[in-house]
Amino acid sequence: MALSIQSLLILFTTLLLKETLVVAETCSNCFTHSRAAYYPNSDEQGTDVGACGFGSFGATINGGDVSAVSDLYRNGVGCGACYQVRCTNSNYCSDTGVTVVITDQGSSHDTDFILSQRAFGRMAQTKDAAASLLALGVVDIEYRRVSCSYPNKNITIKIDENSNYPHYFAFVLWYQQGDKDITAVQLCETQNFVCKLLDRSHGAVWTTNSPPSGPLSLRMLLSGEDGDESWIIPVNNIPENWKGGETYDTGVQINV
């Protein structure tokens with residue numbers, strides 16, 4: 001009888017462990033409850049002076065469905081991440097909500113998100129419902145991290161206009177696909193493979209005051225919420241005579 005009870009206990013413990021693991025796996029897709037507002041004095045799209053440093057690109061990326069965030073900004077690591085955001089008022093709100101890209105930092109009225117007006121209205125079922133949502137100003141929402149997808153677009157390097165060849169090099173990365181964060185970037189000489197770890201000056205802006213010489217290659221460290229990390233090496237190099245304000249296609253798309 002003792003063996004039988006012990007066997008039952010082992011079976012019960014095994015089943016409980018399996019259920020716990022299943023819940024842990026599915027909760028990576030769970031929604032988190034919060035509140036959202038929208039930029040009150042902007043046009044439909046986002047702002048071109050966002051804290052992520054994307055400039056005018058940050059106002060128009062993803063069709064203007066962008067957002068500022070508070071805690072999710074994570075000292076700039078959250079820049080470029082995508083979230084599904086849906087409001088919870090069944091009278092006005094759709095089931096799917098809207099997918100936004102993080103381009104700025106900010107909070108208002110205990111919110112996690114300040115959406116562009118376009119994105120805020122796109123949470124609604126109809127145009128009339130969108131008008132009602134905008135009239136409310138702040139609404140209850142739920143959100144979750146999702147993969148960013150930019151069909152036919154590669155990760156692109158945008159050299160900051162203030163970069164000064166060959167003394168100061170600053171850039172942001174456009175079209176960050178997938179659901180992982182870019183947590184480190186190295187700039188490497190293509191001839192002798194000497195690499196330099198760059199500084200995140202603010203938002204999504206990476207800088208160095210002493211860039212390597214010659215044609216350059218990037219290495220980007222992608223980090224997931226599950227602790228998984230991998231280095232991505234672009235196909236295309238940055239030319240030796242790079243210029244401020246220019247964009248360079250890395251030739252790399254992250255599988256999502």
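A Cβ is built for glycine as well, from the same backbone N, Cα and C atoms used for every other residue.
Pulled from TrEMBL, these are the features on record:
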type: DOMAIN; residues: 49-153; note: domain 'Expansin-like EG45'
type: DOMAIN; residues: 167-250; note: domain 'Expansin-like CBD'
type: SIGNAL; residues: 1-24; note: signal peptide
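Break the domain 'Expansin-like CBD' (167-250) down by DSSP state and the numbers are 0 helix, 44 strand, 40 coil. Helix, strand and coil residue tallies for the domain 'Expansin-like EG45' (49-153), in that order: 29 helix, 32 strand, 44 coil [DSSP].
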